[in-house]
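What TrEMBL lists as transmembrane segment is 36-56, 76-98, 119-140, 180-201, 213-237, 243-270, 282-300, 315-337. Taken from TrEMBL, the feature domain 'Acyltransferase 3' applies to 36-342.
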Amino acid sequence: MLCEVRRKVVIGNSCKKLNKDYKKGLDILKTLENRIYFLDNLKVALIMLVVAHHAGQPYGGSEGWWYFKTVDSPGLGSFFAVNAAFFMSLFFMISAYFMPATFNKKGASKFLKERFQRLGIPLLIGFFIIIPLLMYTYYINFRGYPSISYWEYYISIYFGIGDQPVGWTGPSWPDMNFGYLWFIEHLLVYALLYAIFRMIIKKTLTTETKNKFPGHVAILLFTLFVAVVTFVIRIWYPIDHWVGFLGIIQTEFAHVPQYASFFILGLLAARRGWMGNIPKSLGLSWLAIGVILVLIMYSGKLSFFQKGGFTWGSLAYSVFETFLCAALCIGIIYLFYVKFNKAS
């Protein structure tokens, strides 16, 4: 009798497990069916571009960072400038695009829990383990200070527990920072702000309503507005000037107007079904504008442009860069939707 009971329990548990695995398999298949392939492919392309961008920094145009090479490649300066003008804004836009549906499905608590797991944990690992190793290599090889042990550097210099060394040359004190993980940090902050906004309005926002994509005039007005805000910010915070906002948020304010505005555009694009609804003529027009602006950037005849300050050069570059950003973001999304909307 006891054996019979045990057999039924085992069979029952096995059936439950099979049923659970079956449902999990269906969820996976449903997820695969709902993949937005052109955005998947675009994200892969952007990641490759980011890797190429940072791998090239020791070789020209950016004065390197943790690693230096004496041989410069002058053309890399234009490559870096073009990338900086658009690729992080496009990343923020794509990341924001998926947030409304995720929030609708999971609610505030699960949404935030997932974001802290996917973004917060890698951020902490980078901050406490990976970045200190890179900064230590930079410290002992390129900054002219006496050699010290890693643990002495980790405690005294990276976290600044102790007196600042005499003749300290920076770039900041203490050395602790998020390095190239700043994007993850900003994305986590934006996700938190979005969750707070959704909790305040307390209603489900519909997605994919297939509204008409904004026309040329709306795009022009939006781009000019962002360009003006960018110029104003750069009066005090020029390009490549990083600060610790609120003491911990690693920020280059010179590009924040673009990042924040394109993040908001991503949220709107999700609600209004814009991503796959770009008219052919508009998509091709802005792609062409983007290509022309890239060629102008690569011509190297832009010495009038300035990274910041209350100058005509800074105003001109703010406008030029913002139009380059908008044109490439629209044009590249359209290009990938038309040509690369399939599994790879």
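In case you wondered, yes, glycine gets a Cβ from its N, Cα and C as well.
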- Sequence gap of 6 or more, Cβ distance under 8 Å, 3 or more pairs: do the transmembrane segment (213-237) and the transmembrane segment (315-337) meet that? yes
- Query: Counting Cβ pairs under 8 Å to the transmembrane segment (36-56), which of 180-201, 282-300, 315-337 comes out on top?
  - Reply: 315-337
